[in-house]
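Asks: Please read through the structure below; I'll follow up with questions.
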Amino acid sequence: MAGSYDLVVIGTGPGGYVCAIRAAQLGLKVAVVEKRATYGGTCLNVGCIPSKALLHASEMFEEAGHGFAKLGVKISGLELDLPGMQAHKNDTVKANVDGVAFLFKKNKVETFRGTGKIKGAGKVEVTGEDGSSQTLETKSIVIATGSESAGVPGVEIDEKRVVTSTGALELDKVPARLLVVGAGVIGLEIGSVWRRLGSEVTVVEFLDRILPGMDDEVAKQSQRLLAKQGMTIKLSTKVTGIDTSGSDLKVSVAPAKGEGSSETIDADVVLVAIGRRPYTEGLGLEEAGVQFDDRRRVAVDAHYQTNVPGIYAIGDVIAGPMLAHKAEDEGVAVAEILSGQKGHVNYEVIPGVVYTMPEIAVVGASEEMLKAAGTQYKVGKFPFTANGRARAMGHTDGFVKVLADAKTDRVLGGAIVGAGAGEMIHEIAVLMEFGGSSEDLARTCHAHPTMSEAVREAAMAAGFKPIHM
Ligand code: FAD
Ligand code: NAI
């Protein structure tokens, strides 16, 4: 028996590491178990952080190549240094995962390297790479084992030519032709990285739209902007197979509904990005009697507890959006609940950001959600073409949309397509968290000239009239 704890967290992604740190801050004796060589989970190692490092660097490359000239900045001899760009990504990841290790030490969170398996309530067995095992005793267990990429039946991933996001972030040369399966968040972000660096990118999407679940108008405008940048997007199309026998990958695609002829698209690399599924392999959940929901996610109650007392779950492994900040907030909530406080997550106000250029950011309800709920609402919109700062920066693509209750004026949702949308969306998020109205936002003085003035003017448009349109 290796030790006795108040809490053992399995998995150190944004859900697990934040939960462990918060619980330790609140005075609990905490241990974490992680099977990866470094902490931080999908997000820090192979997800949010490396993808944003490459998104930023590739955007700088594209700006230097195409954007600077219109600002009167001429560059000659522009060259891509892909190993240098990958080194920037690796350094960024290292700084972040080392940061988590430092925070564990600082907060006296004990760490165990190995695969965790639940041996009933109160017991976690940790098996190291060498096969040796030890058992931790604990009052509570939090499952924070995250998710893994979903596959296309019959398509084998080798992470070299047919890749998931993990392989797509590691490519050592720019593929001449990249085919992306799935026009979701990963497909559009990583597709944008390689298009900016020179790939011809074709995105094949099963549905008749990109970014399912997001406001329709936002998805349509974003699709138009991505197409203008040179990304080919084929909607209502499915991949039926990939022939990997030759030097070119031969990707067979057919209409999603089964009518019409199929075609073959040649590619050098195929990125499969059709969603992620909860990761619960080898955790001993069945033996422990832990129940799943209808989509193989760990089923929890409103306090994140499974049907087995003392076993909790958070993050990608349970229901809800598969987002790092959602996992983090659930981690904090569970730590607070276990410490006798009233932890809570407001699922009405979880922002979602796609880090393309322009960025696409949403929070709260979409128009479609409000229509489906029968809510009477009003819409205020404002385009960045009418914003002085956007013009000065040469980033006039996109718009802001504010949705407010028709009677009470309470803001129910918002969406921004534009440079820096992922930062600006929090203005609407904070407003919603405080139950604010579009008039509250419209009457708040905003610094000039800023992109955020467009958010204010959209709020003005919802209630009365914007000044600059
Ligand atoms: P994870 O981060 O998946 O961590 C789970 C950890 O548990 C892993 O380290 C795993 O090794 C460990 N583990 C699993 N089983 C065991 C076991 N039995 N024993 C020990 N350890 C175990 N989200 C955003 O909000 N913003 C973004 O910009 C963003 N970008 C992304 C980009 C990509 C390419 C991908 C793939 C995802 C991205 N996400 C993003 C999603 C985000 O990464 C996840 O929502 C988030 O990581 C979920 O956190 P988690 O703590 O639930 O699980
Ligand atoms: P996704 O769910 O965002 O998109 C998958 C897309 O693939 C959908 O449009 C779906 O209709 C399509 N699809 C499904 N099966 C298909 C098929 N057989 N052929 C063609 N298309 C098909 O999933 P994605 O992009 O893999 O991302 C996984 C998760 O990671 C997401 O839930 C997302 O929340 C998270 N993530 C978040 C990021 C962010 O917040 N910026 C960045 C990257 C990932």
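Just so you know, glycine gets a Cβ as well, placed from its N, Cα and C.
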Asks: For the NAD(+) site that TrEMBL lists with G182, A183, G184, V185, I186, G187, L188, E189, E205, give the additional residue from the candidates G114, G116, G275.
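Replies: Only hit among G114, G116, G275 in TrEMBL's NAD(+) site, alongside G182, A183, G184, V185, I186, G187, L188, E189, E205: G275.
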Asks: In TrEMBL, C43 is paired in a disulfide bond with which of C19, C48?
Replies: C48
Asks: Kindly assign K52 (FAD binding site) to one of the three DSSP-derived states: helix, strand or coil.
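Replies: In the DSSP reduction, K52 (FAD binding site) maps to helix.
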Asks: Given the binding-site residues L188, M322, which one's Cβ is surrounded by the fewest other Cβ atoms within 10 Å?
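Replies: M322, out of the binding-site residues L188, M322, has the fewest neighbouring Cβ atoms within 10 Å.
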Asks: Where the criterion is a Cβ under 6 Å from an atom of ligand 2, which of the recorded positions K52, T145, L188, A324, H448 meet it?
Replies: none
Asks: Which of the recorded positions T145, E205, M322, H448 have a Cβ less than 6 Å from any atom of ligand 1?
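Replies: Close enough to ligand 1 are T145, M322.
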Asks: Rank the binding-site residues T145, S147 by the number of other Cβ atoms within 10 Å of each Cβ and report the first-ranked residue.
Replies: T145
Asks: Return the residues near E205 (NAD(+) binding site), defined as same-chain residues 6+ apart in sequence whose C-beta is under 8 angstroms from its C-beta, sorted by sequence, else 'none'.
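Replies: Residues satisfying the criterion: G182, A183, G187, I233, K234, L235, S236, T237.
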Asks: Report the largest Cα to Cα distance, in Å and rounded to a whole number, among the residues G182, A183, G184, V185, I186, G187, L188, E189, E205, G275 that the record lists as binding NAD(+).
Replies: 14
